[in-house]
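Accompanying notes for the structure given below.
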Amino acid sequence: WIMGHMVNAIEQVDEFLNLGANAIEFDIDFDENGIAKYTHHGIPCDCGRLCTKSAVFTEYLDNVRQVTSPGDPKFRKELVLLALDLKLQRISSEKAYVAGVDVATKLLDHYWKRGWNGGRAYILLNIPLVEDYEFIKGFKDTLRKEGHEQYNAKVGINFTGNEDLDEIRKVLEKLGEDEHIWQADGITSCFPRGTDRLEKALEKRDTPGYKYISKVYAWTLVRSSIMRRSLRLNVDGVMSNYPDRVVGVLKEKEFADKFRLATYADNPWEKFTSI
């Protein structure tokens, strides 16, 4: 999965897909009551990027629904995963449950259309810190109460704050979640980062019987040398400001026979096993 980073304006969706992304990440900004208002990152953000691009969240969802709906004039078959970077650290943890309810409701109304011609992409809920775990409860409770638990099959969970992997597992156990779990590791592109935690996450992913990590990705990679380093460790995905650079690295002799771009036929919730 090549994840375009910080794709917050509607016009950026096609831009990042044209560069080779098959997944996009966008930031969800909440008001003080936990209501999702805009796709917006804000200052500071990655080096060399404009931090202020934004859209109304519901309008953004309406657009990506079209982009991921076969038969729609805007349809792009390559876009198979939407990563929602939930800026919950900007609001009180007490509002996390309400935020989960609100995001689920808006996805039902504007993305899935409650079963009527909705978008087909998989959804990854990127939650910054384990203390915000109530978001997941609010989200799942809403799908159940609204009679649309079928969408759980499309939804995954990812804690992105580089917290202790065992602490993350404990929270997932508490929630009763042991499927559809990704693990991110990374830092803003402005700073270097070692691979210690990334390697630990990959080791857990590859441990037989370990349920709490099915995919691992590294972020936010801009240098080809760091992309190569991550690929040599066998990550499942790379988040980048420059998807075209990732595409270029994947075409290199070292990687061309080992990796390919994920398509809609690839299940993002299953551990990859080579045939």
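Just so it is clear, glycine is given a Cβ too, placed from its N, Cα and C backbone atoms.
Positions annotated as active site by Swiss-Prot: H5. Using a 10 Å radius centred on the Cβ of H5 (active site) and all shown protein chains, the other Cβ atoms total 30.
Swiss-Prot lists E25, D27, D85 with the feature Mg(2+) binding site, giving similarity to another entry as the kind of evidence. Around D27 (Mg(2+) binding site), the same-chain residues at least 6 positions away in sequence with a Cβ under 8 Å from its Cβ are M6, N8, T39, H40, H41, D85, K87.
Taken from Swiss-Prot, the feature active site, nucleophile covers H41, and the record attributes it to similarity to another entry.
Of all the Cβ atoms in the protein chains shown, 21 others lie within 10 Å of the Cβ of C45 (disulfide bond). According to Swiss-Prot, the feature disulfide bond maps to C45-C51 (among others), an assignment based on similarity to another entry.
Residues or ranges marked as disulfide bond by Swiss-Prot: C47-C190 (among others). Note: C190 (disulfide bond) has non-local neighbours D46, C47, i.e. same-chain residues 6+ apart with C-beta under 8 A of its own C-beta.
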Fewest Cβ neighbours within 10 Å, where candidates are the disulfide-bonded residues C47, C51: C47
Shortest C-alpha distance to H5 (active site) - which of the recorded positions E25, C45, C51: E25
Reduced DSSP assignment, D27 (Mg(2+) binding site): strand
Between E25 (Mg(2+) binding site) and C51 (disulfide bond), the C-alpha gap once rounded to whole angstrom: 14
Cβ atoms near D85 (Mg(2+) binding site) (within 10 Å, other residues, all chains): 25
C190 (disulfide bond): secondary structure state under DSSP, collapsed to three categories: coil
